[in-house]
Amino acid sequence: METNPIPVVTVQTTPFDDQKPGTNGLRKKTTVFESKKNYLQNYIQSVLSSIDLRDRQGCTMVVGSDGRYFSRTAIEVIVQMAAANGIGRLVIGHNGILSTPAVSCIIRKIKAIGGIILTASRNPGGPNGDFGIKFNVANGGPAPDTVIDKIHQVSRTLEEYAICPDMRIDLSRLGRQDFDLENKFKPFRVEIVDSVEVYLNLLRGIFDFNAIKGLLTGPDQLKMRVDAMSGVMGPYVRRILCDELGAPANSAVNCVPLEDFGGHYPDPNLTYATGLVDAMKGGEFGFGAAFDADGDRCMILGQNAFFVNPSDSLAVVAANLSCIPYFRQVGVRGFARSMPTSTAIDRVAKAMKVAVYETPAGWRFFGNLMDSGRCSFCGEESFGMGSDHIREKDGLWTVLVWLSIMAARKQGVEDIVRDHWTKLGRNYFCRFDYEAIDPRAAFYLMKDLEAVISDKAFCSQKFAVGNSVYSVEKADNFEYIDPVDGTVARNQGLRIIFSESSRLIFRLSGTGVGVGATIRIYAESFERDPERHNREPQVVLGPLIAIALKISDIHERTGRRGPTVIT
C-alpha cells in the first residue's frame with residue numbers, strides 16, 4: 001500500500017474529430033498517439049466515460065496488449081486514468097501481454113465490466129507502424145455499435161480528463177499492487193496475472209488434451225510448424241502446444257513477442273507468412289499454422305504447404321465439431337458467418353439441419369447470437385473463427401480444433417479438406433484488397449456502383465465471359481436486422497448474387513489505418529463435380545473477377561493496375 005495518498009488531477013483538453021472507432025476499435029499510426037498531446041488520454045477518457053458512472057464505480061476491468069511498441073506507455077496511462085475515474089480493480093497480463101481471446105476469457109471468468117486491448121491486429125508495429133485501442137464489453141466481445149457511437153459522441157465534446165499522474169505500476173511483478181487515492185475510501189487495486197493460465201484452463205475443459213498429445217508425441221507423431229510471428233502468441237504456443245501437449249520445442253518459431261514484430265507484418269496469410277509457407281513446402285511437416293499479432297486469427301496449412309482457405313476451414317470445422325468433447329456435451333445450436341465469407345458453411349448447416357446466420361463483417365455482430373443461444377460456432381473469411389466458449393475469434397482454439405479433427409479422423413489436412421469437397425462440393429473463393437485509395441474516389445466508386453446494381457434492369461442482366469455465362473439473380477446493399485434485439489445495420493456491402501451459386505461482394509473496409517481507404521472485392525463460385533476440385537481458384541474465378549473489374553471500373557477510377565493483396 002502506498003504511504004501517501006495519490007492525488008487525482010483533472011486536466012483540461014480539447015476534442016479531436018478523428019476518434020470514431022472502426023470495426024475493431026481506434027487504429028492510427030503510432031506517431032499520432034505519440035505526438036499529439038492528449039490524443040491517447042482523450043480516447044481513454046471517452047471509453048471510460050461511455051460506462052455509466054454507477055456501473056463504473058468500484059468495477060473491475062481487464063487490460064492487455066499484443067506487445068507492440070507504445071503498449072507499455074499506454075498501459076501506464078490507462079492505469080492512471082482508470083484509478084482517477086473510479087474503477088476499483090484492473091487485471092493486467094504479465095508484462096502487459098494478453099491475447100485478444102485471453103482478454104475475452106478473463107472478462108467472462110471474473111465478470112468484469114469490460115476490457116481494453118491494445119492492438120492493431122494484423123497491422124505492422126514499431127515507431128513507424130500502427131497502434132490501436134479496442135474496447136470489449138461485459139460479455140467479452142467487441143463493443144457493439146451503440147457503445148461505439150457513445151464513445152465517439154463523448155470524444156467529440158470532451159473538455160477534460162481525470163488522471164493520477166504520480167501512479168506507477170510494475171508490469172513484471174505478478175500479484176496485487178494496491179494504491180491509496182485522495183478522497184477515495186477504498187484502495188485502487190492492480191492485479192498482474194499470468195498471461196496464459198486462465199485461458200489454458202478454459203481450453204482444458206473444451207478439448208481432449210490426451211488425444212491431441214497422442215497425435216503430437218510418440219513414434220508416429222505429427223510433425224508441425226507453428227509461427228507466432230513475433231506477436232502475442234509466443235507464450236501461449238510454448239506453454240500450451242509444447243509444455244502441455246508435448247510438441248517439440250522446435251515446432252514453434254518466432255515465439256518472443258517483439259515491439260515491431262521483427263519488422264514484418266504479423267498477418268497470417270500467404271503474402272506475409274512466407275517463412276511458414278517455405279518451411280511447409282518441403283513436406284517435412286504435416287501441419288502448419290501462423291497467428292496474427294493479437295492471436296485471434298490463424299492460417300492453417302497442410303503438408304507440402306497445402307493452403308486451407310479460411311472459408312473452407314470454417315466449413316470443415318463446422319462439419320466435424322463432433323470431434324470436440326465440448327460440442328458432444330452441449331450440442332450445436334447454430335452457425336454464423338460474415339456476409340463476405342463464402343457460403344460453404346451454409347451447405348454444412350443444411351446437411352446438419354441447423355440454422356445459419358449471415359451478419360455484417362465485424363465480430364461484434366456474433367455476440368448477440370451467441371448470448372441468446374442461437375449460435376455455437378461462427379467465423380469470417382479473414383482467417384478468424386471461434387465458438388461460444390468466448391466472444392472473440394480464437395487462433396489457438398482453431399489450431400486445437402484442427403488437431404482434434406486430425407486425431408479423431410486419423411487423416412492429414414489435405415485429405416480432410418478434399419473429403420469435405422467430395423461430400424458437399426467446393427466453394428472457390430478469393431478476396432482482392434485495394435488499399436490506400438483516395439477516400440473520396442473510394443466513396444464515389446461505391447456510390448456509383450450501388451446505383452448500377454440498384455437499377456431494376458440489372459437483376460435481369462447476363463454477363464458472358466469466355467465460355468461462362470452469369471445471370472444476376474439478386475443485387476443489393478446488404479442490410480442486417482439482428483434477430484435478438486431488432487437493431488438494423490445498413491450499408492454493409494454491395495452484393496451481386498448469380499443464379500449459378502456465384503457471388504461478387506464489394507465492401508469498404510473499416511479497419512484501415514492512416515491515409516486512404518480500402519476497397520475489398522470478394523468472388524465466389526460453387527463447383528459440385530469432384531473432377532473439377534483441383535483447379536486454381538484464380539482460374540476458376542477469373543470470369544467473375546473480370547465482371548467485377550468491368551462494372552466497378554476500379555482500375556480506371558483509382559489509377560491502380562491491380563490489387564494490393566490477394567487472399
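Here the Cβ of each residue, glycine as well, is placed from N, Cα and C on the backbone.
Note: TrEMBL annotation is automatic and uncurated.
Now, the feature entries from TrEMBL:
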- 19-160: domain 'Alpha-D-phosphohexomutase alpha/beta/alpha' (DOMAIN)
- Ser121, Arg297, Glu380, Lys393, Arg507, Ser509, Gly510, Thr511, Arg520: alpha-D-glucose 1-phosphate binding site (BINDING)
- Ser121: phosphoserine (MOD_RES)
- 199-301: domain 'Alpha-D-phosphohexomutase alpha/beta/alpha' (DOMAIN)
- 332-423: domain 'Alpha-D-phosphohexomutase alpha/beta/alpha' (DOMAIN)
- Cys459, Val472, Glu473: Ca(2+) 2 binding site (BINDING)
- Cys459, Val472: Ca(2+) 1 binding site (BINDING)
Self-check item: Sorted by sequence, non-Cys459, Val472, Glu473 residues with Cβ within 8 Å of centre, Ca(2+) 2
Solution: Phe458, Ser460, Gln461, Ser471, Lys474, Ala475, Ile496, Ile497, Phe498, Ser499
Quiz prompt | Cys459, Val472, Glu473 screened against Ser121 (alpha-D-glucose 1-phosphate binding site), Cα within 10 Å - retained binding-site residues | solution = none
Quiz item: To which of the binding-site residues Cys459, Val472 does the lowest count of other Cβ atoms within 10 Å belong?
Solution: Cys459
Quiz prompt | Cα-nearest neighbour of Cys459 (Ca(2+) 2 binding site) within the listed binding-site residues, Glu380, Arg507, Arg520 | solution = Arg507
Practice problem: Other Cβ atoms within 10 Å is the metric here; tell me which of the binding-site residues Glu380, Glu473 scores highest. | Solution: Glu380
Self-check item: Model confidence over the domain 'Alpha-D-phosphohexomutase alpha/beta/alpha' (199-301), averaged pLDDT
Solution: 97
Quiz item: Relative to the Cβ of Arg520 (alpha-D-glucose 1-phosphate binding site), which residues of the same chain, six or more apart in sequence, are found under 8 Å away?
Solution: Pro340, Arg431, Phe432, Asp433, Tyr434, Ile505, Phe506, Arg507, Leu508, Ser509
Quiz item: How many other Cβ atoms sit within 10 Å of the Cβ of Arg507 (alpha-D-glucose 1-phosphate binding site)?
Solution: 23
Quiz prompt | Packing count at Ser121 (alpha-D-glucose 1-phosphate binding site) (other Cβ atoms within 10 Å of its Cβ) | solution = 26
Quiz item: For the domain 'Alpha-D-phosphohexomutase alpha/beta/alpha' (332-423), what does DSSP give as the number of helix, strand and coil residues?
Solution: 43 helix, 16 strand, 33 coil
Quiz item: What's the CA-CA gap between Glu380 (alpha-D-glucose 1-phosphate binding site) and Glu473 (Ca(2+) 2 binding site) in angstrom, rounded?
Solution: 24
